[in-house]
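The structure appears below as structure tokens.
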Amino acid sequence: MASYPYRQGCPGAAGQAPGAPPGSYYPGPPNSGGQYGSGLPPGGGYGGPAPGGPYGPPAGGGPYGHPNPGMFPSGTPGGPYGGAAPGGPYGQPPPSSYGAQQPGLYGQGGAPPNVDPEAYSWFQSVDSDHSGYISMKELKQALVNCNWSSFNDETCLMMINMFDKTKSGRIDVYGFSALWKFIQQWKNLFQQYDRDRSGSISYTELQQALSQMGYNLSPQFTQLLVSRYCPRSANPAMQLDRFIQVCTQLQVLTEAFREKDTAVQGNIRLSFEDFVTMTASRML
């Protein structure tokens with residue numbers, strides 16, 4: 001048997017995927033109020049929130065001063081987040097997509113019940129083959145980082161798997177609406193921790209982000225994340241897609257650990273097979 005020390009901090013409470021209520025198809029965003037709540041630990045053996053919490057705006061006013069954080073391909077090049085293109089990044093989709101709502105899968109009415117109207121507009125825009133579903137290819141084409149690079153394949157596949165309730169490799173309008181909210185929440189968190197407003201997360205900013213989300217992880221671990229998920233350069237920094245991927249996987253692994261750590265001690269003992277089973281069953 002092996003012992004795996006975990007230290008103290010881990011966000012959320014026991015449950016399924018981030019923010020998902022029991023039996024829910026869709027994991028929630030970091031501030032969804034579900035099983036993970038705000039992404040902060042509730043107290044006890046896993047530590048408490050950092051002073052001020054991680055969700056308030058950074059000092060000096062609003063997060064960026066620009067309405068476009070660089071998620072969907074809109075805006076104009078310039079600063080790290082650009083300016084909003086006509087129609088905004090989250091308002092109506094570009095005229096080249098669907099234009100006004102047309103007869104189709106959902107008729108001429110508004111968004112289906114329980115679907116965010118803005119998410120529905122973007123669903124119509126992203127669904128380029130008019131199939132009524134969003135594939136990984138379509139999702140990847142629709143999502144860009146602040147440096148105008150496309151989201152990486154790993155993050156896109158992870159999000160498809162999270163919100164694909166039919167396990168068909170694509171998401172319907174309801175899954176897309178949940179995904180849209182999920183990305184919005186992580187984007188807002190990304191903006192807050194990008195203290196220098198560079199459009200990316202540096203090593204120092206990532207260390208601060210993990211700490212304020214409730215994780216008590218060593219600088220060496222943060223450096224490992226930077227080495228693994230940031231492009232090699234003199235000053236490596238993490239884009240939005242990798243930030244979403246890293247934080248979501250940390251949440252999922254935390255849940256797996258918490259299920260075993262019934263005494264909330266920060267340490268567990270388990271066999272190698274139990275360890276790999278626990279990890280493999282939580283892979284997204």
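Cβ coordinates come from backbone N, Cα and C, glycine included.
Small disclaimer: the values here were computed from a predicted structure and weren't measured.
Per Swiss-Prot, the feature compositional bias 'Low complexity' maps to 8-26 (among others).
Summarising the annotation, Swiss-Prot assigns compositional bias 'Gly residues' to 34-50 (among others).
Annotation source Swiss-Prot lists compositional bias 'Low complexity' at 65-75 (among others).
The compositional bias 'Gly residues' annotation in Swiss-Prot covers 76-90 (among others).
Assigned with DSSP, the residues of the domain 'EF-hand 5' (254-283) fall into helix, strand and coil as follows: 18 helix, 4 strand, 8 coil. What Swiss-Prot records for 254-283 is domain 'EF-hand 5'.
Annotated region 'Disordered' per Swiss-Prot: 1-111, in sequence order.
Under the heading region '9 X 9 AA approximate tandem repeat of [AP]-P-G-G-P-Y-G-G-P-P', Swiss-Prot lists 21-109. Mean per-residue pLDDT, taken over the region '9 X 9 AA approximate tandem repeat of [AP]-P-G-G-P-Y-G-G-P-P' (21-109), amounts to 37.
Feature annotation from Swiss-Prot assigns repeat '3' to 41-49.
Marked as repeat '4' by Swiss-Prot on the basis of a curator's inference: 50-58.
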